[in-house]
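Going by TrEMBL, these are the annotated features:
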DOMAIN    77-171  domain 'Fibronectin type-III'
DOMAIN    174-266  domain 'Fibronectin type-III'
DOMAIN    361-452  domain 'Ig-like'
DOMAIN    459-555  domain 'Fibronectin type-III'
DOMAIN    558-657  domain 'Fibronectin type-III'
DOMAIN    660-745  domain 'Ig-like'
DOMAIN    753-846  domain 'Fibronectin type-III'
DOMAIN    846-939  domain 'Ig-like'
Amino acid sequence: MIPFKGRPPPTVTWRKGEKNLGIDERYNIQNTESSTLLTIPQVTRNDTGKYVLTIENGVGEPKSSFVNVKVLDTPSACQKLQLKHVSRGTVTLIWEPPLINGGSEITNYVIEKRDATKRAWSTVTTKCSHTTFKVTNLSEKTAFFFRVLAENEHGLGEPCETSEPVKPAEVPGPVKDLAMKDSTKTSVTLQWSKPDFDGGSIISDYVIEKKMIEEKEWSHAGISKTCEFEVEKLKELSVMEFRVSAKNEKGLSDAVTVGPITVKDFVITPEADLSDISGGQITVRIGHNMHIELPYKGKPRPTMSCLQYNIDPYILKNMNFLVRRVSLYMPLLLVFLLGMNTFINMTEYIYFILSFFLVPPTIEFGAEHFEGLTVKAGESIRLKVLIKGRPVPQVTWFKDGKEIEKKMNIEITNVIGSSTIFVRDATRDHRGIYTVEAKNASGTKEEDITVRVQAVPDAPGIPEPTHITGDSITLTWTRPKSDGGNEINQYILERREKKSVRWVKVSSKRAIAETRYRVTGLTEGNEYEFQVMAENAAGVGPPSAVSRLIKCREPVNPPSAPTVVKVTDTSKTSVSLEWTKPVFDGGMEIIGYIIEMCKADLGEWHKVNAETCIATKYTVTDLEAGEHYKFRVSAVNGAGKGESCEVPATIQATDRLSSPEIDIDANFKQTHIVRAGATIRLFIAFLGKPVPTATWSKADSDLSLRADIHITDSFSTLTVENCNRNDAGKYVFTVENVSGSKSITFTVKEPAPPKRLDIIDTTKSSAVLAWLKPDHDGGSRVTGYLLEMKQKGSDYWAEAGQTKQLTFTVEGLVENNEYEFRVKAKNDAGYSEPREAFSSVIIKEPQIEPTADLSGITRQLITCKAGSTFTIDIPISGRPAPKVTWKLEEMRLKETDRVTIKTTKDRTTLIVKDSMRGDSGKYYLTLENTAGVKTFAVTSDIIECKSRISKSTFSPVLYI
């Protein structure tokens, strides 16, 4: 429960992220005028996160605070499991960590594999510490599924699986983007891109085949090791088809076909790039040469005669042409060299060239995309669009009006004549309107296509019971917020008995198509909980939140009437009511209350609250001032509305007189502690009608001289700055009106005595004392402690010493004498009352029999390989400190090159290096002091290795 304060009482809002928890039935929020409580039943790892509490009442800015909730659970599923590389007998997996780690760090990942023809999973490794792993020793003839599970200290999380089986060696995938690059009268040049998947081995060749359009059989055209090939010796004007397959050591991929293509000279319409000539006008100084470079392209090569129309003969006389070929598909460069001209305006010539060369862009999607594109979640999106225009347009892709950025799973390929966008592993976020924009110097063109990604539906609402019998429960639920882009086919309902961990699918003769179902065949008296999932063409969605426990029993009755309905407050426009729960709930949980009212002289009852009231109080508003009303309250359960309970008398809407009340929160303390020199600040809220008069007082003091007092209609503050000893005492706050008065007192005290003085040890001449801090410091910091002592029977207390610590050793005491001790706390105001020890003590050296703790040695046996080092480390105790002796069987051990014995007052350690068979046997530890002698035994077993093994550097150490 979180307390708060404010006048008027603040409104409360709980949020998690952008979600308002108050509108979700799963969260139980209980608010009062001074506190709020958020309850989340049956938490899961998904409830981890920051919960923000905001309070506001229209006075000042809203106040917010947050609580971080960490749910301890197993991790959620890993993300984006992919095959990074496949080779013969091996597969390399890569993934991203879970979004939720379950409240503790991920310790490792478990990788499992499954034969595609079987159901059982087998473990590959449980010790993977990174988000990538290479699976080896796989059968090349078997297709496998793989999955990854994250593990933390609470156990294994949910699995993340590959969607398709993969063979560790198979034929490659098909080539991509096969297209004609060039053609002549007797040849066609093809180009393509590598396949997405090489089948686990290197692609050695590409096989090219050809056939005429009217032929049925394909013939071999050639083999290429690159992604380009020129098919020669073709017949001019013949219509051909070509196909290309990738080849690795396992065989040929599926072929990709392109065509029909007519064998003829490939004509490229002349184009010129005039973008560097701003405004089509060039200006030079008189007497200077003019140099113009104009990039262009065309096949066959265009002539330049068109550039000479209407040019002044004087200019033509001094014009030189220079044509330079850069490459087959790079523009030719036409250079004009003009000299000795005063001013040349190229506008009319440039405009003539523009009208001859420029063609606005055109965009054309294939006929298969006439109604858009629909894919399932996890599949890939591939959109190819044909684009024409001169000069070659620049292409940009948009999604829902926002430019698409190239990411790990999005590829955009632009070539002359087309553009392709490829989205791998599509999710619901990839659906929307995709826009392709083509732009060149002649204009801009846009076309849209709608992409639908069919994902599984969201979780439905929580199942709620509407009718219960001895062997059946009728449930209803709400539809999922999203159907995943496809119509919901059916709902899958599951049940689980109380204290059971296994969910059982509810059997039905027909698919559950509605959001209502009657579950039959239940056992009367048993309690059940339910969850429901929605299914569409893409699969089964996540389950809903679990319903409350529902007891299977015969139909219940409406509840009885609430008891003791009373009026707690009235005003000119409102009446506040409170009541207690009904004695009989009708056999089912009460889900709320209905409040009704009527005017006293009419008797026509009508419902006040639009929604069922969950709390046992309600304020009726918008009443007529001075009018008399009647009120009644009814409880509601699953069987309906019960009997009503009416307020005994009529209630008038008028301001109500009430005696003063002081409103203090849980943090208020009547004993107020403030350090010397600091400031006392006290805030007290109060209520009352009419508004009470508030006063502050302090015995033997005039507060108006030392205190700053501020009083309003609803609260008062008292401030005393730079406090000193004289400010200690009792402060009284009083509120009073015609209905009565109320007071409250708080106190500033001198330091309290220390707590619980104990004598924790003695010797022949000293005693060690320890105590706890005082409950409060009396208004100033405790600066030290005074210790006093006396012999038993004496009346005189002598100073034993002073300290700032909470322990002190009193020395110089007489052996076998009996003493009493006490301690005082000191601050700026002086010494506190003393705290005496519970009993006196006789000064002497205590004697404690020696002992050893062997609990850390299992069965008092240690085992070690011959040649290794073993260590026996044992805690010991005793007073005085015991003498330590080690024996092996009957032989007393002494320190040698191989044997080391280390002993302190609380521990003894035996170390034996280069152990031999003769070191086996019982080791006896003997402890001796004036209080007694004790012996303990530990058995050592030295194992000789039969095989020849290099000497280990590992030294077993056993600590207790």
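Just so it is clear, glycine is given a Cβ too, placed from its N, Cα and C backbone atoms.
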Three-state composition of the domain 'Fibronectin type-III' (459-555), taking helix and strand from DSSP: 0 helix, 38 strand, 59 coil
Tally of residues which DSSP labels helix, strand or coil - the domain 'Ig-like' (660-745): 7 helix, 47 strand, 32 coil
Local confidence of the prediction over the domain 'Fibronectin type-III' (174-266), expressed as mean pLDDT: 86
Contact check, the domain 'Ig-like' (660-745) vs the domain 'Fibronectin type-III' (753-846), 3+ Cβ pairs under 8 Å, seq sep 6+: yes
Most Cβ pairs under 8 Å with the domain 'Ig-like' (361-452), selected from 174-266, 558-657, 753-846: 174-266
Residue counts (helix, strand, coil, in that order) that DSSP gives for the domain 'Fibronectin type-III' (174-266): 0 helix, 51 strand, 42 coil
Counts of helix, strand and coil residues, the domain 'Fibronectin type-III' (753-846), according to DSSP: 0 helix, 50 strand, 44 coil
